[in-house]
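**Q** After the structure tokens below, expect a handful of questions from me.
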Amino acid sequence: MNRYQQLKALGDGTYGSVSLAKHLEDGSMVAIKKMKKKFYTWEEAVNLREVRSLKKMSHPNIVKLREVVREHDILYFVFEYMKENLYQFMKSQDRYIPENNIRTISFQIIQGLQFMHRQGYFHRDIKPENLLLMGPDLVKIADFGLAREIRSKPPYTDYVSTRWYRAPEVLLRSTNYNAPIDLWAVGCIMAELYRLHPLFPGSTEIDQIFKICSILGTPNRTTWPEGHTLAANMNFRFPQCVATDFPKVLSQASREAIQLMSDLMLWNPKKRPTATESLK
């Protein structure tokens with residue numbers, strides 16, 4: 001790691017800390033993720049889910065992994081540097097984001113997901129902090145620590161995604177969810193870009209379902225039978241709510257944007273559009 005000069009800490013997560021550094025030979029800026037877990041062999045490092053998935057991800061809307069370094073049993077990921085994440089970008093806005101910027105940002109997120117899903121992976125943790133920006137014109141998906149292969153066998157039981165962006169099937173403890181959970185998160189993020197505050201800011205998993213019901217209305221058995229089965233397995237009863245009119249909640253959004261968001265946030269994952277369908 002002596003090829004890099006560490007400049008400042010950028011953040012600390014569950015699995016590792018990230019710092020800004022400069023490549024001493026070419027002067028380029030990079031973000032270095034130092035893993036907390038020790039890696040005693042190179043095989044152990046190469047088999048890490050994040051390494052396996054990122055090696056296949058060469059796309060303009062997915063953050064580029066420049067190299068993986070193992071030194072003194074410590075593993076480092078060297079990524080291209082991006083100026084800020086989407087959460088920071090939204091926090092810095094003093095007025096509503098113009099719709100053409102929201103369209104550009106959403107389009108790039110969905111393009112990155114389309115590529116990822118085609119490569120056979122879904123992300124499972126799409127949230128504003130994991131979307132990196134160089135201004136609204138360049139957005140890249142980052143943090144593949146929770147990514148899963150689409151063809152890998154359920155059950156998936158481990159913790160997934162930040163609560164506010166979590167799809168209802170995950171909240172109801174489904175163990176065979178798939179790529180549609182990423183598109184649900186995109187719908188939530190699009191709404192947040194218009195509102196500049198989260199659409200479903202639940203304080204617990206149950207409160208999260210209540211928040212979703214209060215806007216989308218209660219799902220009925222015909223539209224989402226699996227959801228009712230999942231709820232019954234948890235002894236959970238959906239609150240009886242009438243859907244709120246989306247244009248009231250998202251008054252700045254165009255008709256097309258409202259249509260896409262309501263499609264992405266359908267209760268039934270099978271009815272949500274794929275990334276490819278969302279780009280049309």
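Positions of Cβ are set from backbone N, Cα and C atoms, glycine also.
Sharing the features that TrEMBL gives for it:
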{"type": "DOMAIN", "residues": "4-280", "note": "domain 'Protein kinase'"}
{"type": "BINDING", "residues": "Lys34", "note": "ATP binding site"}
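Give me the lay of the land around each of these features.
**A** The Cβ neighbour count for Lys34 (ATP binding site), using a 10 Å radius and every protein chain shown, is 18. In the three-state DSSP scheme, Lys34 (ATP binding site) is classed as strand.
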